[in-house]
């Protein structure tokens, strides 16, 4: 492998572009806030600002990557097929969504404000890439907890997509469901392309994707979800032989080609996402910040641990190699909600001050990585090394 390829892999694996974008945004917004906000919200082409381009167009491809992972997991041989083998992590996922939402709403009722209540969806998110990275450091690459956590994060993202679509329409523009017929038309186009055995992904993206995007946009549902409805129609193998983040050299399907050719664009494009969404002034920290942080680190950990434990009690055991200690640490790792949590913060609140406060709570959730590492040491978690290394 060339030095250039190794460098690119390192940057992708450790989410360096996203982290770099977040750091630049934080420094810029606190040193020159007016200049930063002008850069982000100033119209660059017609009425399109950089913020709109990143959140409403670029993020279409980010959520498409998540949809690919979900699609692969549902194939025979994938981690969600057959469903029975995934019951324990699926129940843990349910706890990881309900736990933080309930903690957020409960704490908000005690110490918060009614205007904060819309933020309940923010702490339900788990960052797939960061969770995978930290899990490999804490457990080792081949530990069962890594696959458990990946499955949890993927389904969590799927639920997150539904939360964004159904609970966070633009309050200034009520949902106009009739326009969703365009999205249905986009799905029909993708289905017909699949029936005609069209192998290039471009017709699916250009014809089906644009129709889907237009339908969501005109219906006032976030258009970043457009390709989520198209990806499952891309031709793919009849079964999933390799795990997530693993390349099958024999897989030249349309689904795999689309992922392979766009993933590097998405991974490095997250620098722009971090730059345009994480520019929060520290002066905006308030009670909402701590509600998001506590709901993420506390609510998600407790929810995952309780529901994963309940699944074991009622007859759906942990994956081989996992126990209660590993479940607890996995719950802490899942509390990192950076990417999707930042995104939901932007659609949950109109007030820039509330957006900033919520985003700061999402950023602070990175502390979960430190907690997970320390907890793993205290509990004596044994790392499972990569046998292929």
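Just so you know, glycine gets a Cβ as well, placed from its N, Cα and C.
Feature annotation (Swiss-Prot): of 235-255, 361-381, the stretch labelled transmembrane segment is 361-381. With a cut-off of 8 Å between Cβ atoms, the residues of this chain six or more beyond the transmembrane segment (8-28) that come close are 1, 35-36, 39, 129-130, 133, 263-264, 267-280, 338-339, 363. Most Cβ pairs under 8 Å to the transmembrane segment (91-111), among the stretches 48-68, 119-139, 173-193, 288-308, 361-381, belong to 288-308. For the transmembrane segment (48-68), the residues of the chain that approach it from at least six positions outside its boundaries are 39-42, 128, 154, 157-158, 161, 209, 213, 217, 222-228, 230-232, 255, 258-259, 262-263, 265-266, 269-270, 272-273, 276-277, 339, 343, 346, judged by C-beta separation under 8 angstroms. Residues of the same chain lying 6 or more positions beyond the ends of the transmembrane segment (361-381) and with a Cβ under 8 Å from any Cβ of it are 22, 26, 122-123, 130, 134, 137-139, 278, 280, 288-293, 296-297, 325-326, 328-329, 332-333, 335-338, 341-342, 345. Highlighted: of the candidate stretches 119-139, 173-193, 214-234, 262-282, 119-139 has the greatest count of Cβ pairs under 8 Å to the transmembrane segment (288-308).
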